[in-house]
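Over in Swiss-Prot, the protein carries these features:
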BINDING   Gly12, Lys13, Met14, Glu33, Asp69  NAD(+) binding site
BINDING   His114, Glu184  Zn(2+) binding site
Amino acid sequence: MKEKIALFGAGGKMGVRLAKNLLKSDYRVSHVEVSEVGKKRLKDELGLECVSTEAALDNVDVVILAVPDTIIGKIAAQIAPQLRPGTMVMTLDAAAPFAGHLPDRPDLTYFVAHPCHPLIFNDETDPEARRDYFGGGAAKQSITSALMQGPEEAFDLGEAVAKVIYAPILRSYRLTVDQMALLEPGLSETICATLLQVMREAMDETVRRGVPKEAARDFLLGHMNILGAVIFNEIPGAFSDACNKAIEFGKPRLMRDDWIKVFDREEIAESIRRIT
């Protein structure tokens, strides 16, 4: 008999995504949701009923916490006394585990699984897959996983569950929790999201200065495509001399000399503290 999974936050946006994919598996799933809105969403969209926490945790093998980072510690502390040794607690983000918000239970297995989301450069041909920017639906995406604590053989179970909830899968990478924290919030949010926000503000500024919005958007997104393909080695090539000169003078104008320190452990820890 396949393992029993308790999905907490099953009626949230992420929870419903996971519940939908779990329906395609052989896992035995119990759904837990406290809000009436979430219960209704789960019922309306997937025809699923929620159960009590006690029923969900009875002989459970894997507990998935599809809840906000800010309450993971609280929920984990509440359910920990009801979990038998060897139970896996899975979080969908490294923030709370990195911050030490999980209970001090050496006899539990802690597993973290986070999606990479569909790549900008991909080979999807189906229109639905090409429009699946988030992943877990039609487009393939890679995933990252970490076994924070627990027996080595537990990794296979955690990865197997992760491959189901985030399917379809392109590649699967095993990392440490610290490495996952470098990727998020470090690389994906502090760096990527911030610089994308700056690019959007820059585009808006060209519009304010008279460039038609559609022209500015096409120009920026098109250049992001080719420049990204070159700099991430998707295609052979090099930037023009003029472009390299613009980077040489533009980078110090835009970036502090010590920007790379956002990856220092203290900075990552402080960033996580702010969101948990």
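Note: Cβ is positioned from N, Cα and C throughout, glycine not excepted.
Features recorded in Swiss-Prot, as mapped to the structure shown.
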residue: Gly12; record: NAD(+) binding site; CB count, 10 Å: 20
residue: Lys13; record: NAD(+) binding site; CB count, 10 Å: 11
residue: Met14; record: NAD(+) binding site; CB count, 10 Å: 18
residue: Glu33; record: NAD(+) binding site; CB count, 10 Å: 27
residue: Asp69; record: NAD(+) binding site; CB count, 10 Å: 19
residue: His114; record: Zn(2+) binding site; CB count, 10 Å: 21
residue: Glu184; record: Zn(2+) binding site; CB count, 10 Å: 21
Glu33 (NAD(+) binding site) versus Glu184 (Zn(2+) binding site) - Cα distance in angstrom: 26
Integer Cα-Cα distance in angstrom, Met14 (NAD(+) binding site) to His114 (Zn(2+) binding site): 12
Integer Å distance between the CA atoms belonging to His114 (Zn(2+) binding site) and Gly12 (NAD(+) binding site): 17
Rounded Cα separation (Å) that holds between Glu33 (NAD(+) binding site) and His114 (Zn(2+) binding site): 21
Cα separation, His114 (Zn(2+) binding site) to Asp69 (NAD(+) binding site) (Å, whole number): 13
Cα-Cα distance linking His114 (Zn(2+) binding site) and Lys13 (NAD(+) binding site), given in Å to the nearest integer: 15
